[in-house]
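Enquirer: One structure coming up, written as structure tokens, with questions to follow.
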């Protein structure tokens, strides 16, 4: 069933587009193979080209090829328009930055405006120009005003602070100066004040007289607070201690108008004597970027000035407020449209960028393009072109011509939101070759299933499925959020995989009868406790239940899954290992056989009879006769051998049951399997040895078959062809090349088939393939044992977690038990989620990925294609908005 | 031997229904092929997994080893063999003070 079904979905290349019905049928199977592509030549009237390309961009189904690869980017036809778009984009980014600065919400209606007509570009440009200029002007004004405001504020602060200094100087008698001395006298900085103090000793009048006589000058200004210590030191050194500095901090931070940062500043006043010192002090102030302000000496002047400053600040405040209001209004108006504008400009730019890839024909009236298009969508493309022509008002319809090309077309898989995640898994290994079998549809189930074999636990699977279901149900609101969190985006992108992995884990967990390492007893175990005597119960601590049907075993197995009795058993691992190892091999071999059968569909599709005969047939024989036979032996062992009741059955009893692995190894090594005398034979069925010899020798014949048949046949064919007609062939190839060069344009004619490959290379290739396959069969089979290993590890880990953590909480008695359980449960639950679900889930995921990439896909998947990258506004806009958010 | 017809038939029918019948009634549409493959593979995988588990336990070669405590608890909880309960009632009442036969 598994193997025959895909046949009905494969499509021959002959199925062409004769009617719409055929389209739809072919379209259904589109994910099974990549879409059929064709190279087309497109003739567009110059005036219609813009509108047509715009329509194609909306459609997103056409990949244009660069027809001027040797023309540099600055010499192309529409480079001017692209530049203008760049300029517009720059202006928009500036606007956006300003909008963000003001924290105005940008309206994102999610609407998708059509690319505007080329003539609208001028309007847009004018709009943006106007907006930008207005904004720049407003900003300049605002900055000037702010600078003015800052200066005034600083002046205000100076007047206020220096008032204190002067007041101290004036009102302070000796006491005040004493205090000042104690503060500053310790440093020699206070030298001038010491002089001053001596003056004050003469009394009030003396002070005035002395003050005037000494002609103490001063400057006042404002400086950044962090510069104060260096400033002070510099002053002290440069003036040799002959100046007196007083400073006070301005408590409120001031706004720096150029950067908009809040900075802390201090007011200082420096007293000095003489002009020499004055120039020196001024120079130092300049050097430290301190701003100096005039400060009148007389208190009355100062008061007057302060009054003036206050009124000017108030005036400035109103003007500033109005400026800000204006700026805000402009920005709010722009914010409504900015997303829309961005979309428009990016679309125009993308269109011109695409037009730059086109060729001008001789008459200059027509643009020629070459593009890859999916054959099925040709009609859609024609429609889009017609729409474009109508929109532009051109009378001449565009012409779409199919072309022949020796090149491999790009690979294009139609995916939807469900299948795209699985396709991504496949694509990250390698893009499928053109029209090769796509593993993605099968991966949708085999991936979660193999994952679940390793992750099998009803409880953990349930958690995972719930998480997946939550993401799937809330798909739209979650997708609209557009989170930047990379990990979340990975989870969200794989939501359907997670959901399916969870569901399958629930199923396998149910079959393993494992729920957080405990079992469910739904159907009653098939083991009973019977025949245990009183003495036994007292003397023995461990009881092995007798597997014989008339003893502890009821005779029929537990209907669904693992018997709950095994979960309680101390020898659980022995039993489960044998079971899990066997199913790993069984599933693995079926998976690989499936892969080999897929290669048959590839060969059939590509009409590669040679490969079917020389590769597929020996491969499948090799795998079936050796490995599928081993699977058969496992089933025979399960069916035939049982715990014997009487000695008559000892041949089929526990004692005589042969090991499958030993049997298989001996089959390959051609050795007899040893057996106990009372078992009479090591055979599981009559004629086993003979059959094994036969199978083994046929399988061995397959090795040289795979190795030599293909190259030898190719060699013979070439000799025949060579003898046939040299001249005829030469002529044919000459004309072919000529045609190809004409139609293929500048692409050149590379990519000859492997007919031209030298024979030696074919031999080497085939040898590598054969060795890879034969050795791979062994190593890949063993590789599937990871299913067993991970599943064992997962079950054991969850059991350890239960026994070491949660069961401790369950054993505390009385009311403290409740509290203990509460805490311990939280601990257990967080460990369960973080380690068992997240980490184990990740590890099982990676192992499953490997099983698919290596073990499964190596059987048929070339993965040598390249991705179809259509010209699509959707993709361009998405990537543009993403790259914008990154920095 | 060891097999019981009823679970085998029920389970085979269920998964054959998923993998064999459902694909035939999938409504026509662009995704029909994918849905069919999904259903078939689900049926095959799940049936095979269950089958292996069932067949592996059909003719056990070894029996589970149980602790004495487990034996007593199992005997009490699952009521597997009344016979034992009569024989070892004294042990059971010792092991589980609240136990009433």
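The backbone N, Cα and C atoms fix where each Cβ goes, glycine too.
Just so you know, TrEMBL annotations are computer predictions that nobody has curated.
Below, the features straight out of TrEMBL:
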- A:78-162: coiled coil (COILED)
- A:444-473: transmembrane segment (TRANSMEM)
- A:493-512: transmembrane segment (TRANSMEM)
- A:583-604: transmembrane segment (TRANSMEM)
- A:616-640: transmembrane segment (TRANSMEM)
- A:689-709: transmembrane segment (TRANSMEM)
- A:819-839: transmembrane segment (TRANSMEM)
Enquirer: Would you call the transmembrane segment (A:689-709) and the transmembrane segment (A:819-839) in contact, using three or more Cβ pairs under 8 Å, pairs 6 or more apart in sequence?
Expert: no
Enquirer: Which whole number is the mean pLDDT over the coiled coil (A:78-162)?
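Expert: That stretch averages a pLDDT of 86.
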Enquirer: At a C-beta cut-off of under 8 Å, are there same-chain residues at least 6 beyond the transmembrane segment (A:583-604) that contact it? List them, or none.
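Expert: Answer is 2-3, 6-7, 10, 436-437, 439, 442, 446, 450, 453, 611-612, 615-616, 619-620, 623-624, 627-628, 630-631, 634, 777, 780-781, 783-788, 851, 855-861.
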Enquirer: Quick test of the contact rule: Cβ under 8 Å, at least six residues beyond the ends. What residues does that give for the transmembrane segment (A:493-512)?
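Expert: That would be 417-418, 421-422, 424-425, 444-445, 447-449, 451-453, 455-469, 471-472, 475, 520, 560-562, 791, 795, 841, 845.
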Enquirer: Report, as numbers and ranges, every residue of the chain located at least six residues beyond the transmembrane segment (A:819-839) whose Cβ falls under 8 Å of a Cβ in that stretch; write 'none' if there are none.
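Expert: For the transmembrane segment (A:819-839), the far contacts come to 457, 459-460, 463-464, 516, 794, 797-798, 801-802, 805-806, 808-810, 812.
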